[in-house]
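Undergrad: Submitted below is the structure of interest, expressed as structure tokens.
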Amino acid sequence: MRLAVICFCLFGIASSLPVKVTDSGSSEEKLYSLHPDPIATWLVPDPSQKQNLLAPQNAVSSEEKDDFKQETLPSNSNESHDHMDDDDDDDDDDGDHAESEDSVDSDESDESHHSDESDETVTASTQADTFTPIVPTVDVPNGRGDSLAYGLRSKSRSFQVSDEQYPDATDEDLTSHMKSGESKESLDVIPVAQLLSMPSDQDNNGKGSHESSQLDEPSLETHRLEHSKESQESADQSDVIDSQASSKASLEHQSHKFHSHKDKLVLDPKSKEDDRYLKFRISHELESSSSEVN
């Protein structure tokens with residue numbers, strides 16, 4: 001309730017305040033309403049003054065057209081315009097002098113624009129004549145980690161003997177030359193590899209010799225792998241044979257026990273139930289052992 005009362009009070013105060021009427025008229029209309037007589041005379045132009053102002057402009061425009069038809073260069077036309085402007089300035093009043101200068105300045109600006117466009121076309125043509133050729137780049141394997149090996153491989157692949165260098169050479173000569181070049185390259189590569197693979201300590205020497213032997217003789221590794229596979233196969237076969245022999249021995253031993261026990265049962269006819277139980281047990285053991293062997 002308090003808020004509602006406060007809002008109504010504010011609305012009442014706002015409505016009681018005086019409202020100013022906005023004046024939508026322009027500044028000229030305001031001045032005219034305040035001072036009607038002098039401003040009306042200033043705003044309404046005199047027709048005689050208009051004719052005096054337009055006459056020199058028409059004369060200058062006609063003379064400019066004639067000069068433009070007769071002369072082609074912009075510099076001469078500018079000079080003629082300057083002379084004509086001087087004559088007009090001597091004849092006209094101060095107001096006419098200012099307006100004629102404005103018209104001449106506008107004409108000179110137009111001509112300067114035309115001259116600038118002509119200069120731009122000339123410079124564009126000269127720039128178009130000069131054309132720089134595009135030079136292709138060549139990929140060089142510099143900065144690579146395997147630059148030495150990469151360069152040697154590229155040399156060995158791109159080594160070709162042309163007929164122009166050796167016109168009288170035969171195929172045999174070319175092949176011998178190729179072989180000699182490859183042998184030279186291999187001889188050059190061997191000391192570099194030796195220097196790179198040379199360690200500082202004796203342990204490193206042993207490891208380096210072992211690695212070099214592995215690299216030089218890859219057949220040893222394959223032979224070792226084959227030998228290890230053969231040894232594993234032979235061990236597996238021997239284990240199978242041993243298991244079979246042991247199973248056979250156990251079966252024989254159990255059968256021997258069974259026969260001996262059977263003989264005892266024949267001698268002792270009172271223990272028939274025990275014999276049945278033993279037979280069932282022995283048969284079960286035999287079946288389990290046979291299943292294990294299989």
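Every residue gets a Cβ built from N, Cα and C, even glycine.
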Undergrad: Tell me which residue from SER125, SER162, SER186, SER288 Swiss-Prot records as phosphoserine.
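TA: Comparing SER125, SER162, SER186, SER288 with the record, Swiss-Prot tags SER288 as phosphoserine.
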Undergrad: Out of SER197, SER246, SER283, which residue gets the phosphoserine annotation in Swiss-Prot?
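TA: Residue annotated phosphoserine in Swiss-Prot: SER283.
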Undergrad: Could you let me know which of SER26, SER100, SER183 shows up in Swiss-Prot as phosphoserine?
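TA: Record lookup in Swiss-Prot returns phosphoserine for SER26.
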Undergrad: Annotation phosphoserine per Swiss-Prot: which of the candidates SER158, SER231 has it?
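TA: Record annotation (Swiss-Prot, phosphoserine): SER231.
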Undergrad: Select, from SER103, SER234, the one residue given the annotation phosphoserine by Swiss-Prot.
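TA: Record annotation (Swiss-Prot, phosphoserine): SER234.
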Undergrad: So which of SER228, SER289 shows up as phosphoserine in Swiss-Prot?
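TA: Of the listed residues, Swiss-Prot records phosphoserine for SER228.
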Undergrad: Going by what Swiss-Prot says, which of SER212, SER290 is noted as phosphoserine?
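TA: Annotation hit in Swiss-Prot: SER290.
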Undergrad: Using a 10 angstroms cut-off on Cβ to Cβ distances, just flag whichever of SER234, SER247 is the loneliest among these modified residues.
TA: SER234
Undergrad: What parts of the chain pack near the compositional bias 'Polar residues' (234-249), using Cβ distances under 8 Å and only residues at least 6 beyond its ends?
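TA: Same-chain contacts beyond the flanks: 289, 292-293.
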Undergrad: Let's see if you can do this one: DSSP helix, strand and coil counts over the compositional bias 'Basic and acidic residues' (220-232), in that order.
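TA: So the counts come to 13 helix, 0 strand, 0 coil.
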Undergrad: Can you tell me how many other Cβ atoms are located within 10 Å of the Cβ belonging to SER291 (phosphoserine)?
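TA: Summing over all protein chains shown, SER291 (phosphoserine) has 8 other Cβ atoms within 10 Å.
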